[in-house]
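The active site, proton donor annotation in Swiss-Prot covers 38. Summarising the annotation, Swiss-Prot assigns ATP binding site to 31-38, 148-151, 177, 185-188 and lists sequence analysis as the type of evidence. Feature annotation from Swiss-Prot assigns beta-alanine binding site to 62; the stated evidence is sequence analysis. What Swiss-Prot lists as (R)-pantoate binding site is 62, 154, and the listing cites sequence analysis.
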């Protein structure tokens, strides 16, 4: 039975107790509304560790002024039932008041890595992400933490935080979980209309076309980006907000590709903004 924990004090006590008995803790941070991508990470954590903790916390610090924090789906009962079925040990479900009893005097600022891609459109977003993840790491003290490669920029920033702040934690990036037709699983997919849902598969198809170009020897970012743009404008009604190619995990924009990259895109449909990416190894 998955145990719900709502206070920092109890979570810290449990973590200390498990550590004192040389038990390994796996941690999957989420904002809830769990889908198969989250559950795959939970399954991996259960396989890898003695205990698995899943946090469900909608973090206000990572929402901008034009982003509706109150509208984010909150489905703790359904989430808890899914975690219980898998055999997760604990769900850490603190309130905002528990995590932030007073306005923070200190926070973590992400510099260059947050000034591109999603970070450029959402100022302060990654500061909020890194601040809460840092707090969660200190509360739960995991040995391994699991993050999805679907949010590749976030993964790269978390890896950098662990490196620079000397957290004794292994970060495990998990492959993007997709629907049978290739659409990346996301809590936002429920906001797509039927027609948009059919079109949304073209995001991944455009990335696969880009990879084919790369594998065939193309190294010009402009050529690859043009191919993605043409495919998306032809096959979807969404607004293309970004197509970019960056080195990974350094997050340096590429004009002439020389090494490991990730190709990222963002498309806005009527009620949902979808992102997707693929990481391409140097051939």
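Here the Cβ of each residue, glycine as well, is placed from N, Cα and C on the backbone.
Positions of the features from Swiss-Prot, shown on the structure.
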| residue | record | contacts (Cβ under 8 Å, 6+ apart) |
| --- | --- | --- |
| 31 | ATP binding site | 56, 57, 58, 59, 72, 187 |
| 34 | ATP binding site | 75, 78, 79, 82, 83 |
| 37 | ATP binding site | 148, 150, 174, 176, 177, 184, 185, 186 |
| 38 | active site, proton donor | 28, 30, 54 |
| 62 | beta-alanine binding site | 124, 125, 126, 128, 129, 132 |
| 149 | ATP binding site | 155, 173, 174, 175, 176, 277, 279 |
| 154 | (R)-pantoate binding site | 118, 126, 129, 147 |
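Around residue 177 (ATP binding site), taking its Cβ as the centre, 18 other Cβ atoms fall within 10 Å, counting all chains.
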